[in-house]
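A.B. asks: Can you keep this structure in mind? I'll have questions shortly.
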Amino acid sequence: AIAIAEGLTAGEIAGAGLIIGVIFLALGCCGSMNWLQNRIPLSVIRGVQAGLALILLRTSFGFLQSDPLYAGISVAVVVIFFIAALRWKINDVSALVVLAIGIGAGILTAGLPHFSMIPMPALVIPGTSDLVYAGIYLVPPQFPLTLTNAILATSLLSLDLFKTNVPPDRLSRTIGIMNLVSVPFGGFPMCHGAGGLAAQHRFGARTGGANVIAGIIFLGFAFFFASSQSLALIPLGVFGGLLIFAAVELAKHSAKTDSYLVTGAIAALTILANITVAFVVGLALAYVLRWRKEQLDRPKK
């Protein structure tokens, strides 16, 4: 969104991705993320999850308003499959059904997307000015978002959903590697995310095979249906309906906190300001409350 709004050049985007990649690869290799996780209170990370849930919910409402018909269909399909899964123990494939309905509706109204192959990616090497601009204006606001959402919140959510500990350092290293590999060939800077993980789990993804299948589908669209018409094929209401349930899934786990005051404050500030401000204020509040509790628990002489 920043790249579009600010009219950034390919070199500036590549510069930001490369700097982010180097930073998080280095931090992950030296154990910094695990060290940070052990010093950030649980309520703060849960607050980040709650704030992301509210962001997803706000985004879904925008899609609902723009396309209420398909949003209603999307919600109805998910609810039907949810009830059926509880009653008859069937697999919940509601997301696939909803997407199929959306694609079918798009083809009926706009026709088949035009077949158009993308050109081979060209190597993008940022210049010194690109790296300086990215280091000053692009990386600093992105760093806390990646730290909180893509690493700390995702690591904790992985433990909630799969009962498997995915160390923050591993997430940091993979973020670094995928940026260093893809960005020089025109890829956008990318990271993990608790919202995406919650959505995938909610709609049935349980193994790495789900990511492989999704990757193949995305590559197919990118290679053979690269026109803007293809991107607009699925009605926005379809995504609005799915995002509601992804937000609920994420919010459900954010409630497993040891301080509703801290978690709630971070969630509210995420909407009112941004996730960076929310994280800093929430972290300070958590430490103040911990200090106050220690003072009250200290035996009086």
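Heads up, the Cβ atoms here are built off N, Cα and C, so glycines get one too.
Since this is a predicted model, take the numbers as computed values, not measurements.
Heads up, here are the entries from TrEMBL:
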type: TRANSMEM; residues: 13-36; note: transmembrane segment
type: TRANSMEM; residues: 43-63; note: transmembrane segment
type: TRANSMEM; residues: 69-86; note: transmembrane segment
type: TRANSMEM; residues: 93-112; note: transmembrane segment
type: TRANSMEM; residues: 132-159; note: transmembrane segment
type: TRANSMEM; residues: 171-188; note: transmembrane segment
type: TRANSMEM; residues: 208-226; note: transmembrane segment
type: TRANSMEM; residues: 231-248; note: transmembrane segment
type: TRANSMEM; residues: 260-289; note: transmembrane segment
A.B. asks: I need to check the long-range neighbours of the transmembrane segment (208-226): which residues 6 or more away from its ends have a CB within less than 8 Å of a CB in the stretch?
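C.D. replies: Long-range Cβ neighbours of the transmembrane segment (208-226): 113-118, 200.
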A.B. asks: Any residues 6+ beyond the ends of the transmembrane segment (13-36) with a Cβ under 8 Å from its own?
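C.D. replies: Those are 3, 124-126, 130-131, 133-135, 138-139, 142-143, 146-147, 151-152, 167-180, 182-184, 186-189, 191, in sequence order.
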A.B. asks: For the transmembrane segment (69-86), I need the partner stretch with the highest count of C-beta pairs below 8 angstroms, choosing only from 43-63, 93-112, 132-159, 171-188.
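C.D. replies: Looking only at 43-63, 93-112, 132-159, 171-188, the most contacts with the transmembrane segment (69-86) come from 93-112.
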A.B. asks: What parts of the chain pack near the transmembrane segment (93-112), using Cβ distances under 8 Å and only residues at least 6 beyond its ends?
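C.D. replies: For the transmembrane segment (93-112), the nonlocal Cβ contacts are 70, 73-74, 77-78, 80-82, 203-204, 229, 232-235, 238, 241-242.
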